[in-house]
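Worksheet for the structure shown next.
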Amino acid sequence: MEEVRCPEHGTFCFLKTGVRDGPNKGKSFYVCRADTCSFVRATDIPVSHCLLHEDFVVELQGLLLPQDKKEYRLFFRCIRSKAEGKRWCGSIPWQDPDSKEHSVSNKSQHASETFHHSSNWLRNPFKVLDKNQEPALWKQLIKGEGEEKKADKKQREKGDQLFDQKKEQKPEMMEKDLSSGLVPKKKQSVVQEKKQEEGAEIQCEAETGGTHKRDFSEIKSQQCQGNELTRPSASSQEKSSGKSQDVQRESEPLREKVTQLLPQNVHSHNSISKPQKGGPLNKEYTNWEAKETKAKDGPSIQATQKSLPQGHFQERPETHSVPAPGGPAAQAAPAAPGLSLGEGREAATSSDDEEEDDVVFVSSKPGSPLLFDSTLDLETKENLQFPDRSVQRKVSPASGVSKKVEPSDPVARRVYLTTQLKQKKSTLASVNIQALPDKGQKLIKQIQELEEVLSGLTLSPEQGTNEKSNSQVPQQSHFTKTTTGPPHLVPPQPLPRRGTQPVGSLELKSACQVTAGGSSQCYRGHTNQDHVHAVWKITSEAIGQLHRSLESCPGETVVAEDPAGLKVPLLLHQKQALAWLLWRESQKPQGGILADDMGLGKTLTMIALILTQKNQEKKEEKEKSTALTWLSKDDSCDFTSHGTLIICPASLIHHWKNEVEKRVNSNKLRVYLYHGPNRDSRARVLSTYDIVITTYSLVAKEIPTNKQEAEIPGANLNVEGTSTPLLRIAWARIILDEAHNVKNPRVQTSIAVCKLQACARWAVTGTPIQNNLLDMYSLLKFLRCSPFDEFNLWRSQVDNGSKKGGERLSILTKSLLLRRTKDQLDSTGRPLVILPQRKFQLHHLKLSEDEETVYNVFFARSRSALQSYLKRHESRGNQSGRSPNNPFSRVALEFGSEEPRHSEAADSPRSSTVHILSQLLRLRQCCCHLSLLKSALDPMELKGEGLVLSLEEQLSALTLSELRDSEPSSTVSLNGTFFKMELFEGMRESTKISSLLAELEAIQRNSASQKSVIVSQWTNMLKVVALHLKKHGLTYATIDGSVNPKQRMDLVEAFNHSRGPQVMLISLLAGGVGLNLTGGNHLFLLDMHWNPSLEDQACDRIYRVGQQKDVVIHRFVCEGTVEEKILQLQEKKKDLAKQVLSGSGESVTKLTLADLRVLFGI
């Protein structure tokens, strides 16, 4: 095949041969590999046949460059493989037909000439002709194995005579033999055995069935070109009564001839295919036969191997063989990395040949025409060291560890074993193991044994520091299934933290192994083309284990007892949740996500879990010395605690402490608030408490992080070199309250909580999904749910928008997440909790004429900026060099567009994405009150919007800068239009303020006992409302970010009391979580937010367990504004969250630039 490139795409073309009846049958054409390309070039290369299936014509050939290889290989496929749906039959090294790189020796020159004939004389090396233009011998060599067996005894006798002649042969003759480039190797016949056949049946099959499975590469290698002709190593087998050893001969310097250490293989038979006289391999074949006879008849012979000069063979310790008595064994060559070779038909062992092992390959320099190239990396070759002696040992047939003597040096030994492990994993990844009778169990067991040996080497004190990168071999083991069937009443179970492994929560190593330098090396290596198959395999196994764990999951009717020491009885749904929590702490990973609707008593449920496990530990009196066994060897914890670390927003730390004091008997649980400037930082003291409560901000402050750790699994994060007591303690349990605070995996808080060490991990949140599926990934990373805590695998296997990804997400949520809503019914048809009625009231408002005029000015300017941005965005495409699918930018900017470039100057107007979103924010403020336009955007409020503006952008973000003029004026100019100054005064009643006051007055007239909660995302809006409430004589209190936690709890208690204030003003971000405002039954949402879950959280401040009155939720929407469009976007986000939490696995909808078009009517 020639090197033909497509003139349009520049890629190598495929060579296509017509095989159907018609005018093009037997003709060949070069065609571009791109589906849409029409490039075709005819050629006169004749038809050739497949090396695997010699009766079938090769219909497709292509030059491909395997990953991590420097030379192209010629891949081919015949019509048989095409009919079977296979990608390729195999590949051979490719060299340009015009190349002049031939061997120096005469015989090698002849071989080179036969291999590198011009394309118009012979098409590729599939049908190699000898120097007399006659068909090659390989077809004759593989047939008639029965005749070979008959002549076996005669050949051995002849071999003795030849051996004597060989001993007398002169050095010059030996040198001539060496010049041919052949390295004699033992040969084997192969046969497929059934697992149940033993004894006489095996012997019988050995006599009759070994012909059809001969390894074709063994034959092919006899006729290769170059000065280093190699053949795949095979092994010979003695009868059970004989003891055989491998032999290596040490020759003199002028006639160095090296034979490979050939371990005995299981059931291999010593049959030799003898070539015809006069064949080009006759002399070398005779020498090989003589050496084999010597190996049989001689006693224990010392096997030595001299170090070879460059250009000679070096041993490739990739695979191994195992001695056992019996008949012939089936053997196969592993497929080329990344390519499915006949679906691995001959690449992997199965139960049909259970007692055999992989082929030991003799690797040659690149370019040797082995059908499958399996050469070592140059660096690996240089590091290999081999012993001078070879000792045969008998091991179990399924052993995955080579039983040849490995290098005594730990460095070389690990390289030696790692090389074997890589090949076996490559074989496993390239094979459809589901098609094998034993599902690939034998190969998996071999990989596990190799990993165990390598794990032992990693822990060895002899290991040098320079070996760290090589020692990090992925660990894989069988899953363990929990078989304990849940009783109708679940007893408390102790934390199973003894003897378990936190790294790889599903007993699988994370898909990403992280080196000390911070770089990641993905599972089974990014460097192989089979990485996709490897990722698919580990993902499927992890999902399968989670799915199987559901078999032991407690049903809806299963409840747990109230723990001793709890003052208040648990409600039915809380008892059911406690049963589920206890079950999850016995699974992998230990812990999960409690995502009950807000107001269902998640705090009390978690307190009950802590109390239950404490009571159980006291009963069993477990020794503290064994508590660290669940930690990874990399974890550096100084103290072990049986306590729980609770991390929550600052506003809730006193709430947690008060709940424990009110709900639990005194002296049952010791609680400590790790907060404030005078906190106790002694790790030994903190480890003695049952509960330690701290805040997200304090954790982020004390635990150092860097941005590169955002995509690294939590188990691999570096925790060294820090003195914070939180990291020095191995906790029994960590609880993240309001866990949506870590929804962005890139922020410091999220990375910091993932570094903490604990046996069980819990994420408690009523809204686990707020924006997109990345929120869910962040929680899984905290839970250390491998392999899904590795970001690249999460994106490729789950968050990929495919149906399969949705199914995987469904399994994850069903296994790890418990979600109940207030309106959910139990098995008897009754609601989970008895709550009063809740009614939503939507108030449609019409802006006043002045307000509408101001709004239209802003809208026109913002719409023009968006149109300009969309034009530039569409023309530029993705030429910015960033991935448009970067999830972190999707979180920051909920429309999936680009991050702001802070280095750019603020244009007038600058049509950046952030600027457009800030203009949208101003439009929403127009709908509330025009006085909001006077102030610059508050950085805290911008953070809630997901916006980050520079100082210059904040000052120029459409504020009424004209108001700063020194000359007093009764009008103000906005974008060329003049408005009255009084429109922007805080005391002026806007449309929404007027409607709000009317509703409040109506509530007071109907019932003086009813109270109201008013929510806004802007603190300035709350100040405006407060002015008007005071003007109308209504008492109020305000909770925003400026109120400290202690004052906040006092204000809540006062509001819930009958004599407290009539109205509570809360900001959406500061007061939207953790507050119990059941004293009020009316809630007013003054403005619209992109994130509907934030509004739902605010609504649940009053609609929760403990509410005695009917609840009314008021929403204000101005007609003809963006608020109407925001309602549509909120529904999209709610649908996304509903699909994920229900585990429906439906396709997810992400917000895009199309939503911006909808908002502005473009």
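Glycine is treated like the rest: Cβ placed from N, Cα and C.
Annotated features, as they stand in Swiss-Prot:
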type     : residues         : note
BINDING  : C6, H9, C32, C37 : Zn(2+) binding site
COMPBIAS : 105-116          : compositional bias 'Polar residues'
COMPBIAS : 142-178          : compositional bias 'Basic and acidic residues'
COMPBIAS : 219-232          : compositional bias 'Polar residues'
COMPBIAS : 233-245          : compositional bias 'Low complexity'
COMPBIAS : 246-258          : compositional bias 'Basic and acidic residues'
COMPBIAS : 261-274          : compositional bias 'Polar residues'
COMPBIAS : 323-338          : compositional bias 'Low complexity'
COMPBIAS : 459-485          : compositional bias 'Polar residues'
COMPBIAS : 877-888          : compositional bias 'Polar residues'
CROSSLNK : K143             : SUMO2 cross-link
MOD_RES  : S460             : phosphoserine
MOD_RES  : S883             : phosphoserine
MOD_RES  : S908             : phosphoserine
REGION   : 97-116           : region 'Disordered'
REGION   : 142-358          : region 'Disordered'
REGION   : 388-407          : region 'Disordered'
REGION   : 459-503          : region 'Disordered'
REGION   : 871-890          : region 'Disordered'
ZN_FING  : 6-46             : zinc finger
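DSSP assignment over the zinc finger (6-46) gives 0 helix, 15 strand, 26 coil.
Every protein chain shown contributes to the tally, and the Cβ of C32 (Zn(2+) binding site) ends up with 22 other Cβ atoms within 10 Å. Looking only at the binding-site residues C6, C37, the densest Cβ neighbourhood within 10 Å occurs at C6.
For the zinc finger (6-46), the predicted model reports an average pLDDT of 87. Excluding the listed site residues C6, H9, C32, C37, the same chain places P7, E8, G10, T11, C13, R33, A34, F39 with Cβ atoms within 8 Å of the centre of the Zn(2+) site Cβ atoms. All protein chains considered, the CB of H9 (Zn(2+) binding site) has 14 other CB atoms within 10 Å.
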